[in-house]
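Taken verbatim from TrEMBL:
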| type | residues | note |
| --- | --- | --- |
| TRANSMEM | B:6-25 | transmembrane segment |
| TRANSMEM | B:51-72 | transmembrane segment |
| TRANSMEM | B:78-99 | transmembrane segment |
| TRANSMEM | B:147-175 | transmembrane segment |
| TRANSMEM | B:187-206 | transmembrane segment |
| TRANSMEM | B:247-269 | transmembrane segment |
| TRANSMEM | B:281-302 | transmembrane segment |
| TRANSMEM | B:333-363 | transmembrane segment |
| TRANSMEM | B:384-402 | transmembrane segment |
| TRANSMEM | B:408-429 | transmembrane segment |
| TRANSMEM | B:441-462 | transmembrane segment |
| TRANSMEM | B:482-501 | transmembrane segment |
Amino acid sequence: MSSVDHTPSGSAPDAQKWVDVQASDDFAELKRRLTKFVFPVSGLFLAWYLLYVLLADYAHDFMSTKVVGNINVGLIFGLLQFVSTFVITTLYVRHANKNLDPLAEKLRGEIEGDGK
Amino acid sequence: MNESSPILNISIFGVFVLITLFVVIRASRNTKTAADYLAAGRAFTGPQNGIAIAGDYLSAASFLGIAGAIALNGYDGFLYSIGFLVAWLVALLLVAELLRNTGKYTMGDVLSFRMRQRPVRAAAATSTMAVSFFYLLAQMAGAGGLVALLLGITGTGGQALVIAVVGALMIAYVLIGGMKGTTWVQIIKAVLLIAGAAIMTFWVLGKYGFNLSSLLGAAVDAAPKAGEKLLGPGLQYGKTGTSKLDFLSLALALVLGTAGLPHILMRFYTVPTAKEARRSVVWAIWLIGIFYLFTLVLGYGAGALVGPDAINAAPGKANSAAPLLALELGGPILLGLIAAVAFATILAVVAGLTITASASFAHDIYANIIKKGQEEDKDSEVKVARITAIVIGLVSIGGGIIANGQNIAFLVALAFAVAASANLPTILYSLFWKRFNTAGALWSIYGGLIVTITLIILSPAVSGSPTSMFKNADFALFPLSNPGIVSIPVAFLLGYLGTILSKDKADAVKQAEMEVRSLTGAGAEKATVH
């Protein structure tokens, strides 16, 4: 086994099979389900993070406005970054377990099952 | 006031070393193949690996550095931890699982998958070594200051000796235990670190009736110079337009760097499946997030209970905030425990970096470039990895002694900037852009690397200001200390231009194989069975 060919020995699918699977409806659906979640969500959290950084960088007075006691807007915004990170993590895991894993497993079974 | 006791500190650290060495030796008994040595047989569970990732990520710079930055600069220190945490979403959503499904041991496996092997592997290995080297230097440089504080060793010779001992121990861990032993060291260290931080956090909060607002008020009262400004942004970065831009640049490198750090990426190969890789990231995100919430309390707590003047007067300055807080709260014993954890942190992170760099040399350069893939997975690959680990260990001891006293946070930020510029664009293009080809990969890796390092050399961090590495020279043509805001977009652009301007055609069949494998996990490396 050379480095050019990464497929493990055993039920190694040939080149044509990868191309066929890539062109299949199931695979297109799997890819669609993945990208329609991860791309918009990545854009969203990066924009939200950037907004926070810009506020912290250029809107000192706004961020220093006190809300309750010594807790100010900046601290709340900062803690909300933690909350949004935890929420997105949980949502992604739910999405992956429900919508991605079963389809990926089905395709994997089809690819590796052949030729045995 | 309680006094620090160097003998107590060394004894507690000694106990940690004995326990971890025992675990490492036990773990090494089943280490036979390259997959065992370099990827721990892919047999760790998601939660175990997640804890180990937290151990790798919560380096001395994030523990001592962030707590200290919050104690002295207030809110601006908190900004670091937010960037470090949000960055994990990039790893979770875009990188971890796909990487686990396509690679074997190194970042180079993924980047070179559908490209011409030798040039792309050489580029990936170069960039892996560069990032690991900067990161190693940061950890070893931090060890010196820590030694001064905790063991009362202030002479350069004595500190150099301690750095050498730490380095030698780390080499022993890596040689004996490989990835499995190193992972266990990370797990033990992460549990101790998070538990120690949790105890101190509740202790501090308890002193203020579990009221965050009172704690913040006390921190403001203890810092007459900064006063109310401690609670809002701007104390450290808000002075001028340039420093604001510098902060924006740093923030970009932090959020995009994590998913390009080779020692973090390599951890995803220690689990059996992509699903476990996902679980590891989820565990890591929760642990790291909770830890950073602790550091917020610890930082302001150190400001309130120890006070900025006492912190600034201590050897190691900001880095001593957390240890001084431990001394204030629990006396010499708590300080000894926290000190041992801090040493363990440096030891574990350095071991993780060393095994990553040596794996990249053994797998990408030796097995795949020099031996053209003939030696892959053979015993010789492990042997080369072990020899490389010794060389890297010796280089990092030397570098650590020379860099002793340099700013840790700056060196870590540098590693993040290189990772975000040279690695992340190439990883994302390889995984998601069909047309991406060998020329594009080389342009984005080497381009990102060269632009980042050039800008750093020309920055005020290296020359031309009182805090520079070379105070007496001035070749600072670039105004920012953090290059990310320029180097990251440039690297993305170079990857794009390299691809469309070259006559190379992307290999459509390999692209199909990579895409199908990355999404389905078909043909992925399995766990080894013993």
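Positions of Cβ are set from backbone N, Cα and C atoms, glycine also.
All annotation found in TrEMBL is predicted automatically rather than curated by experts.
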Original post:
If we call contact 3 or more Cβ pairs under 8 Å (sequence gap 6 or more), are the transmembrane segment (B:384-402) and the transmembrane segment (B:333-363) touching?
Top reply: yes
**OP:** State the residues, same chain only, that lie 6 or more residues beyond the ends of the transmembrane segment (B:6-25) and have a CB under 8 A from a CB inside it; answer 'none' if no residue qualifies.
**Re:** 150-153, 169, 172-173, 176-177, 181-182, 184-185, 188-189, 192, 332-333, 335-337, 339-340, 343-344
Original post:
Taking the transmembrane segment (B:408-429) as the reference, which of B:51-72, B:147-175, B:247-269, B:482-501 gives the largest number of Cβ pairs under 8 angstroms?
Top reply: B:247-269
Original post:
With the transmembrane segment (B:247-269) as the reference, which stretch in B:78-99, B:147-175, B:187-206, B:333-363 has the largest tally of C-beta pairs below 8 Å?
Top reply: B:78-99
**OP:** Determine whether the transmembrane segment (B:147-175) and the transmembrane segment (B:333-363) share at least three Cβ pairs under 8 Å, counting only pairs 6 or more apart in sequence.
**Re:** yes
Original post:
Is the count of Cβ pairs under 8 Å between the transmembrane segment (B:187-206) and the transmembrane segment (B:482-501), pairs 6 or more apart in sequence, 3 or more?
Top reply: no
Original post:
When you scan the chain for residues with a C-beta under 8 Å from the transmembrane segment (B:482-501), skipping those not six or more beyond its ends, what do you find?
Top reply: 245-250, 252-253, 256-257, 413, 416-417, 420-422, 424-426, 429, 433, 435-437, 439-444, 447-448, 451-452, 455-456, 459
